[in-house]
Amino acid sequence: MSDKIGLFTGSFDPMTKGHVDLIERASRLFDKLYVGIFYNREKSGFFTIEARERIVKEALQHLRNVEVITSQNELAVTVARRLGTQAFVRGLRNSQDLDYEANMNFFNQELAGEMETIFLLSKPVYQHISSSRIRELIAFQQDIAAYVPQSVIKELERINDEKN
């Protein structure tokens with residue numbers, strides 16, 4: 001029997017505790033779960049891809065069946081096929097996420113009909129946390145520790161140390 005392989009993608013700019021929770025839950029559904037840090041052309045980047053990779057790897061190091069990858073110039077379906085993935089895993093916080101993901105799923109099915117998409121609902125405690133809100137809090141120098149893994153705080157400290 002072949003391994004069940006999933007792919008959870010995002011820009012993770014920055015990663016939130018909601019992301020970590022979804023990935024932990026998804027990791028229990030697969031033999032191998034890839035977490036793909038993808039460059040999103042519709043979003044302006046706060047952290048570099050390299051910084052995001054450090055953040056995500058540290059936040060997920062306790063998950064033995066999870067491997068973090070990055071991609072800047074490929075469609076998720078191309079990466080998924082190369083990795084032998086059977087399913088995309090996506091998190092849903094609200095109806096706006098569902099609308100966005102339904103549109104993405106349409107194109108994923110058009111391009112890679114053999115792949116399934118599994119939607120996991122965010123836990124209520126994480127439904128109002130978004131990377132864009134976290135970036136706004138960072139811009140106004142607010143405490144974000146309740147919303148992000150410690151690796152985000154460490155990366156911000158590293159960036160501040162480099163500036164000083």
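Just so you know, glycine gets a Cβ as well, placed from its N, Cα and C.
Database features (Swiss-Prot):
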type: BINDING; residues: Ser11, Lys43, Ala76, Arg90; note: substrate binding site
type: BINDING; residues: Ser11, Phe12, His19, Gly91, Leu92, Arg93, Glu101, Tyr126, Gln127, His128, Ile129, Ser130, Ser131, Ser132; note: ATP binding site
type: SITE; residues: His19; note: site 'Transition state stabilizer'
Largest tally of Cβ atoms lying within 10 Å of a Cβ, found at which of the binding-site residues Ser11, Gln127, Ser131: Ser131
Alpha-carbon distance [Ser11 (substrate binding site); Leu92 (ATP binding site)] in Å: 15
Spatially closest candidate among His19, Glu101, Ile129, Ser131, the listed binding-site residues, to Ala76 (substrate binding site) (Cα to Cα): Glu101
Distance from Arg90 (substrate binding site) back to Ser131 (ATP binding site), taken between C-alpha atoms, in Å: 15
Chain-internal residues, separated by at least six, CB under 8 A from His19 (ATP binding site): Gly10, Phe12, Gly91
Inter-residue C-alpha distance, Gln127 (ATP binding site) and Ser11 (substrate binding site) (nearest angstrom): 17
Span of the ATP site, taken as the largest CA to CA distance across Ser11, Phe12, His19, Gly91, Leu92, Arg93, Glu101, Tyr126, Gln127, His128, Ile129, Ser130, Ser131, Ser132 (Å, rounded to a whole number): 18
Rounded distance in angstrom between the Cα atoms of Ile129 (ATP binding site) and Ser11 (substrate binding site): 15
Binding-site residues listed as Arg90, Ile129, least Cβ neighbours within 10 Å: Ile129
Which listed residue (Ala76, Leu92) has most other Cβ within 10 Å, given these are binding-site residues: Ala76
DSSP three-state assignment for Leu92 (ATP binding site): strand
